[in-house]
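Quick look at what TrEMBL annotates:
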- 21-40: compositional bias 'Low complexity' (COMPBIAS)
- 74-143: domain 'RNA polymerase sigma-70 region 2' (DOMAIN)
- 158-219: domain 'RNA polymerase sigma-70 region 3' (DOMAIN)
- 240-289: domain 'RNA polymerase sigma-70 region 4' (DOMAIN)
- 1-48: region 'Disordered' (REGION)
Amino acid sequence: MTESARALSDAAEESPHDTAPGPSSQDSSSPESSSRSGRGSRNEDSYDHLVPMLTEHAGLDTDDPRREVLRDRLVEGYLPLARHIARRFSQRGEPQEDLEQVATVGLIHAVDRFSPERGSDFLSYAVPTITGEVRRYFRDKAWSTRVPRRLKDLRLAIGSAMPQLSQELNRAPTAGELAEHLQRSREEVLEALEAANAYRSSSLDDMLVDDPSSGRLADVLGSADAELEQVEHRETVQPALRKLPERERTIVMLRFFGGMTQTQIAERVGVSQMHVSRLLTRTLATLRADLSDPPTP
């Protein structure tokens, strides 16, 4: 549920099979023209020659020297995908070269973390990973480190409450459940979760207060908490899903939460694979309109 919610949230920004260009696509092509000209088997098959390499890379130990060689080849092979996603953000005032570098970092993360055993294809995993990396880049630039103290304190309280609630519920809590536990409003919790991202812009050598004896920020920050991200993605996706017609919602759920291919969905729903592809494209466009962009200053 949690990884699928993240994938669906970002896939509403970028449909993996219907807009991702193949290696031979021209960099100057727009996402819309890529969608029109590339819909069908070409998009789905254009990276097929890299699949065996992905499987081999995932099966190697992290200290195996062959893994780094394969990773470099995979990153080079999927680079058109990263550039394509970077272009989608080109109208936001950032240099294209910088956006492509950020997207490439997301691609490297996707290659390193992809596991074929999970049953999903690489594009379905890579597109939201790369898109998320670019979105975080804008979010980090947009949010100042001058986060109100009340939100910093609430973020720490959320971090403390998360393990307890996760154990009690046997899942990551929703923003509403966190709010009830902390006796705060749901809006405050969501605001604090967003403000938590501003910590990335702070220096780890910053003092907690103006007293040098107070210690550094690095002394109290833990590792990235994936469960906090799960709350954000669940709260973002669920309202948009509820607005969809039943058939479209079923197809989206089977694709992103059930891990089914378009062909499998077509057999389950009783329509053609091409019709499933069209419905997914249209539905993701609807979700894109419903899901808000990262906050701006």
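Heads up, the Cβ atoms here are built off N, Cα and C, so glycines get one too.
Just so you know, TrEMBL annotations never went through curation; they're auto-generated.
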Tally of residues which DSSP labels helix, strand or coil - the domain 'RNA polymerase sigma-70 region 4' (240-289): 40 helix, 0 strand, 10 coil
Confidence summary (mean pLDDT) of the domain 'RNA polymerase sigma-70 region 3' (158-219): 69
